[in-house]
Amino acid sequence: MTGKNKSSTITTAGNKIWWITFGVLCGATFVTRFYKVLEPDHVCWDETHFGKMASWYINRTFFFDVHPPLGKMLIALSGKLTGYDGKFPFEKPGDKYNGANYEGMRIFCTTLGALIIPLTFLTIWEMTKSLDATFIGTILLLCDVGFLTLNRYILLDPILLFFMSCAIYGAFKVRTLTDSGQPPFSPRMLLWQVFLGWALACTMSVKFVGLFVVLFVGLRTLADLWNVLGDLTKPVTLTLKHLIGRSITLILWPIMLYVFFFWIHLTVLSKSGNGDGFYSSGFQARLEGNSLHNASAPRIVAYGALITLKNHRTGGGYLHSHHHLYPAGVGARQQQITTYTHKDDNNRWLIKPYEREQVEGVVPVRSGELVRLTHAATGRNLHSHRERAPISAKFLQVTGYGEDGIGDANDVWKIVVSGGKEGEEIQTVRSKLMLVHYLQACVLTTTGKQLPKWGYEQQEVACNPNLRDKNALWNVEDNLFDDLPKVSFEAYASGFLERFLESHAVMFQGNAGLKPKEGEVTSQPWQWPINYRGQFFSGSGHRIYLLGNPVVWWTNLLFLVVFFIIYVINSIKEKRAEAFGRPIPDGPERSLLNAAGWSFVGWALHYVPFWAMGRVLYFHHYFPALVFSSMLTGILTEYLLRSIKSYLSSELGRTIYHCAMGVIISTTVYSFYLFSPLAYGMSGPLAHEPNSTMSGLKWLESWEF
């Protein structure tokens, strides 16, 4: 046999093994992901949120959420195409579906979650061209029961992780093409870059944590351009061509897609819903069924008008009151004043001159005049005094005071148009107003802080001695006054770009202000890599518990530390070799270590930022980082086994190598078998109770299954 034929035979055999391995992993993925996928047949964990949002999309009802729209739109689309009519209420976890066509949405999310496994296989192969490293890294992810659990329900996470995996694979495919000398504008290069740009846009359009993979791809792209620039055999113009190509496909193209997804979102959700109040009056004027849509109101505000005041703070609510008093120990025991983000009769106020109850005829309210605001439902006046605000100690308390509009001098406010002239008329929607207390010289504002249960978790309203408070701006929205001609609200309606920008401002504020609900299980970033505590997806007779496979998670944690040590040692070795003029070996081990390094960077980008976040955090936030740590473990396992093998005789090295691979694979698969009831459902006693089948698996006291 000639050398050429022998090489061809080896290549053919290698391809056959590659396809068999890939096929086995795909088959195992299909079996593990779709086994009992429709159980339990009740609402599990956050299906209550995302199922409800899918219903709103199907019914075209506007709502507020802290995440971008693509994931929810895809869930809604899958439901619509499989017969779901958008009528199931998704009220709370544990509610039986009772004939609702939830199956299509759950299977759709499970399918995308399942595709992550073959994508991870292809990514590690693209990084290393090592089948062993690829197999180990992929099987770790395949056999993690936590990853399995998270990707089997109507959630955003499987969609996010799928698009993220597409982006990682695309980034390393582009690197391979760049290293092979593929021209920057060749059809193949452009096709993969367009795919990568599409994946980045989709990831960002599901959750804002998609920004982390955008940063990862950005670093990977800079490394590619640096390598091209460092090749002195190529002209500098080649680097410029690559830069132009990637600017178009990885920056402009994703931005266009991202804006397009929001255009679909805002077009589909055309009907008024419970999220309207988070948005400006101009935004609401575009929503069918909203009181501002195709509505009309007097252009100016006159004394005696019944009005609502909306705060200009992003996501700001309406000035609101109700019959309930501030509790003892919280300033004066007078009527509560808050802001409320939903439309309500308790948002209505009667505007009057400060010194009398009514005026004759039509008298416009003008900037600089003194007024009283009387709450329409309770007859109490908007009031402030020298008591401190309930939460913000440096501000003054605002209350409702008096009887049937009769109060005292602390009910008097000076109404001022921000940026306007003294004496100009107050206009509906357009005028940005400040209400300055006449005696206390403070300005009516909302702090954005949530009141406790006694304030029904509405927003605190206070009076700020700092008259430059940027959150002290209000506008008149509803303006009920029969003696003035009305103008259409169409003139105030926001265009697409205004609504696009406002949507983001409201989402960012909502994300930053997320707080845990009563009884909700939250966690801290230090708990995630050690698999400290899980999260119940389903209780009662069919318990599902989100918890990582401890064998996989603790191995990943160990290998993160091992990689750091190896990286430091190798960096010192390379520096010394460079100083002594010795060549640095450029074999497969160096390639593996480089791939492990990029996996470590990906893990750090998807984990470390959570330490700086002030919002509420949950265990499932770690799973994007888990993808990278599992890849790193697979790659580093191959690196270590190759290194050990190089110090031994050929036969002994091969034996130890294969034995180690066998132990790793069998241990991982067996640990999946042991912990699989966490994903597929447990019944009977809890692990800490007598006669529990799970008692031997409760390795940490903090595990609650």
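Note that Cβ sites are derived from N, Cα and C of the backbone, with glycine treated the same way.
Features of the protein shown, as given by TrEMBL:
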type	residues	note
DOMAIN	298-354	domain 'MIR'
DOMAIN	362-418	domain 'MIR'
DOMAIN	423-479	domain 'MIR'
TRANSMEM	17-35	transmembrane segment
TRANSMEM	107-125	transmembrane segment
TRANSMEM	131-148	transmembrane segment
TRANSMEM	192-222	transmembrane segment
TRANSMEM	243-264	transmembrane segment
TRANSMEM	551-570	transmembrane segment
TRANSMEM	591-610	transmembrane segment
TRANSMEM	622-644	transmembrane segment
TRANSMEM	656-675	transmembrane segment
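Outside the transmembrane segment (192-222), and at least 6 residues removed from its termini, the chain residues within Cβ reach (under 8 Å) are 67-71, 156, 159-160, 163-164, 166-168, 170-175, 177, 245-246, 249-251, 253-255, 257-258, 261-262, 507, 511, 598, 601-602, 605-606, 609, 621, 624. Long-range Cβ contacts of the transmembrane segment (107-125) within its own chain (Cβ-Cβ under 8 Å, at least 6 residues beyond either end) map to 18, 22, 25-26, 29-30, 33-34, 37-38, 74-75, 78, 82, 131, 133-135, 137-138, 141-142, 150-155, 157-159, 161-162, 165-166, 168-169, 172, 595, 627, 630-631, 634-635. Using a cut-off of 8 Å between Cβ atoms, the transmembrane segment (551-570) and the transmembrane segment (243-264) share fewer than three residue pairs, counting only pairs 6 or more apart in sequence. Residue counts for the domain 'MIR' (423-479) by DSSP state, with H, G and I taken as helix and E and B as strand, are 3 helix, 27 strand, 27 coil. DSSP places the residues of the domain 'MIR' (362-418) in helix, strand and coil in these numbers: 3 helix, 29 strand, 25 coil.
Each residue of the domain 'MIR' (298-354) gets a DSSP state, and the totals for helix, strand and coil are 3 helix, 29 strand, 25 coil. Taking Cβ pairs closer than 8 Å, the transmembrane segment (243-264) reaches residues 68-70, 73, 184-185, 189-190, 193-194, 196-198, 200-202, 204-205, 217, 221, 225, 496, 500, 503 in its own chain, all 6 or more past its ends. If you look at the transmembrane segment (17-35), the same-chain residues 6 or more away from its ends with a CB under 8 A from one of its CBs are 107, 110, 113-114, 117-118, 121, 125, 131, 134-135, 138-139, 142, 148, 151-152, 672, 680. Across the residues of the domain 'MIR' (362-418), the predicted structure has a mean pLDDT of 92.
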